[in-house]
């Protein structure tokens, strides 16, 4: 039981917390209201809040209080207006306020005096009209089909007919007046708007400027057509180059072919498509012959009259397929004759596009990757060469620092004896692993790059040295002593390995005698 009471208290607390807040609009009320003279009108204030809000009403910015005899704020927050008069029309605001905030609800009140046929709205008094919807906002006239009113210049032959359109909308519904050369054309029903002016059996005297004047209480608009009645046309239509143009479209996409014609009057424009394979045409009766070839008659859209007096027509091709490819003809005709121009439509299939993309990608991808890679390799190579030159300049002589120890072979090739008159260089290797300087090792040992094969033992001192050899040895020892001052130690094993490897590149393996 205690648990149920606790749950109930928590639910009540949650409900109270969620309900507390500023006033909220809860209605679906219309913001425009119509009141009739001598009737009672009630305006609601659909809000809710916790705590309950204080409701205040205003008219045109003025507070409605007890001094207003016919206006009273009810307990539910609504406003009641008794014995409505024309002056009650205006803007009303219901304002609900509590400790968390406030909200305003706006109304427009329109008062109608049916007895006198008057309407008051926004402090404007005007005659009542059945053409006006008072529950909708007023709107000035606006042409409904302006795209069909671009043909300002219209040419027609004698005894033909023409229709001039000026359809418009507005609230109240606008009226229309037709004029020819600024003179009103009588005969139209004033209670029924004549949005289209029809002229039949035209004569030369019907030529002129025809103007439609559309208006309501909120505004007025007008449009003027120029009609030219031609007694006799002098030439057939002329198709203006370069249209239509050869066109290419991707499979499934949309394109268009244009045709521009110069003619004394509005020509008849027709699009034709050549039959590439007559056996595929189900009904040959729907084809016509042009210049000895069969063509299918296509559906043609509206003809537009340009400001320069030319006529334009556009053939739209949606979701192009291979069947749409081929030759098209734009044909313009009037009572004198006809002219035509042709163009070709090419449809690129999906397979062709994917193949083209693949080929172009296979060419461009190696170029995009290879060129930067070559540049990077070139820069790295140059950097390595420069670093090697700097190292050689920093460590002159045959000084090699290497932590690598090659295996000393158990057999050595023939001993190397320097040629007569040759001053051998001492091959010294510095090994940082040893701290003792070995100045007397390999005195007089020839460098591998200057070695020659011999049966003599380079380590044997059985034969006396010549004077030149003695001087060479003294020079080599002095050079070695100077070099040893700059080095930490001499690597015995590395030196042996270096000599062994040098000879191994030029001779077969032989045993080295150990003395």
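Cβ atoms are placed via backbone N, Cα and C, with glycine included.
Not measured: the values here are computed from a predicted model.
Per TrEMBL, the range carrying the annotation transmembrane segment out of 313-337, 338-362, 363-387, 388-412 is 363-387. When the ranges 267-302, 447-482 are checked against TrEMBL, the one recorded as region 'Disordered' is 447-482. Mean pLDDT for the domain 'Ig-like' (141-228) in this predicted model: 89.
When DSSP labels each residue, the domain 'Ig-like' (23-110) comes out as 3 helix, 48 strand, 37 coil, counted as helix, strand and coil in that order.
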